[in-house]
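Engineer: Encoded as structure tokens, here's the structure I'll be asking about.
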Amino acid sequence: IGEVHAWTYNYSTVPSRSWSMASQWCQKYFMGMVPIRSQEETDYLNNLLPYNPKYYWIGIKKKDEVWIWEETGQKVPSEVQNWSPMEPDSIRGQNCVEIYIKRDKSTGKWNNENCQKKKGTICYTGKVLLVGKVVNSIQGSVTFACVQPPVCRILAALMQNVWRQLETIPASAIQVSRAHSVKKECPFLNQTISAGSIICSPPDAPYSYNSTCEVRCDEGYEASGQNHLQCDHTGQWSASVPACTVVQCNRLKAPHNAIISCENPLGEHSYGSTCTVECNKGFDLIGTNTTKCSSQGQWSPQLPVCQAKQCPALGSPAHGSLVCSAPHGEFSFGAQCGSTCEDGFLLNGTAETECTSQGVWSTETPHCLGKKSSLERNCSCLHEERPISCYMLDGIGLMPSIARPCPLLAKAPPNGTLTCSHPHSHSSYGSQCEFECDVGFWSKGASAITCNSSGVWSQDPPTCQPLQCEAIRVFSSSLYVNCSHPVEELSFGSQCFFSCKEGFSLNGTQTLTCTSAVFWSDTPPTCRG
């Protein structure tokens, strides 16, 4: 059986090392520093290794005035020594050997140097490869049959022979032939990355073959790609260094009957974003009004719900009936109820009532009074100018009549409140109603109206119109804006979200809100390239 010795070379230029440090490093991670044993090996390394202005240490040093191989302690034969002209010199302390790689002059030659100087390092790992078996041996030559063609081809190429399946080569050639490979260092990694760090091992040889580097992102950030990198035998990292990007949470949608506003210090709906929920008028907030995007990309706590305020339960009047509509639940905010009386009974009070945003009914429940046939025949008034204190006589008893009413104002205008006073009866002569708009809205029409003696309100009820901010103008093609309008376009509560074209960064506030003062909460941002 034939065999061949194969070397694997590893070199390092960062950091530079003294001769003893280089020797220790090679012995720790490989077999040792390379012992140059032939011109073939010298030529191979000179062709393959990169130029290093500090050159490289090799495993040869002087001991007792004799140059020896470090790995065996044996003397280096004179025919193997490959000194540069005028070397080695006799300068004191220059007892270690360097090799000139890709030098303009004396390339591949040796030079003795001070062992404390720092240079590149060449290490090796050796193994024996079984490549074939001897078929015949005649007068110092053997017939060699290959059993591992890939390795045999390497040997044949190194010996500059033409490969054949069966080849007769000198036995000595098999003894000295070597398959050479060099595992290169990987490029330097910039260990300063935004919102993260790179940890490499081994720490004293972070860019050598099989070394690994891990990208660790700060809390609230995640790697945009593979975060474990390994240096392969070609001197390339297994992947590019990923960026640490901020963790994103899902876009939030405001709960029903609520508005939501967010602060985004690191980007919209990302780690550290805080959102606050505010319920519409007439609704109570159940839960916590603030939620935050966590480092796991989850909102915590969950969004609250807005529950309509409840008014006291109503019952049907005696000799009458009650019918209600309830958009948000029985007897809750916005519910409207109407009362009617049985035939032969007269409604005393307001027929319609509504559950207000304060959780109270807008009017009291009416009553159904008396028979009306005889009352109408025997009515006489005590006051001619204002028929308010009229009494109807039915021959049995007295009952007050009802003052002439105005149309019922049971409901406040949207985004406003209604407050009424009734000196006589609900929505009748002399009743006065005042209107007030919510924050961010203005009153279009009279703020107060009165019911006159003809049963007509002095003016139509006003409406509450939203205040509006100026339109936002965007003058840069790299700046994008997207607005949401819970009420009307560019009105109180409208929010505009800004983002930049890829390759640009946002300079300024990302989200602007139209305030009740009719100003945007901040000036529009810009994009920096």
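Cβ coordinates come from backbone N, Cα and C, glycine included.
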Engineer: Say which of Cys244, Cys249, Cys306, Cys311 is recorded by TrEMBL as the disulfide partner for Cys279.
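Structural biologist: Within the candidate set Cys244, Cys249, Cys306, Cys311, TrEMBL assigns the bond with Cys279 to Cys306.
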Engineer: Can you look up which of Cys213, Cys217, Cys262 is joined to Cys244 by a disulfide in TrEMBL?
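Structural biologist: So the cysteine that TrEMBL bonds to Cys244 would be Cys217.
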Engineer: What is the total of other Cβ atoms whose distance to the Cβ of Cys464 (disulfide bond) is within 10 Å?
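Structural biologist: Cys464 (disulfide bond): 20 neighbouring Cβ atoms within 10 Å.
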Engineer: What is the pLDDT of the domain 'Sushi' (404-466) when averaged and given as a whole number?
Structural biologist: 86
Engineer: Going by C-alpha distance, which of the disulfide-bonded residues Cys279, Cys306, Cys368, Cys437, Cys500 is nearest to Cys244 (disulfide bond)?
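Structural biologist: That would be Cys500, nearest by Cα distance.
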Engineer: Could you give me the DSSP helix, strand and coil counts for the domain 'Sushi' (184-246)?
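Structural biologist: So the domain 'Sushi' (184-246) is made up of 0 helix, 25 strand, 38 coil.
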Engineer: For Cys341 (disulfide bond), just count the other CB atoms lying within 10 A of its CB, please.
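Structural biologist: Counting Cβ neighbours of Cys341 (disulfide bond) within 10 Å gives 20.
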Engineer: State the three-class DSSP label for Cys368 (disulfide bond), counting H, G and I as helix, E and B as strand, and everything else as coil.
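Structural biologist: It is in a strand.
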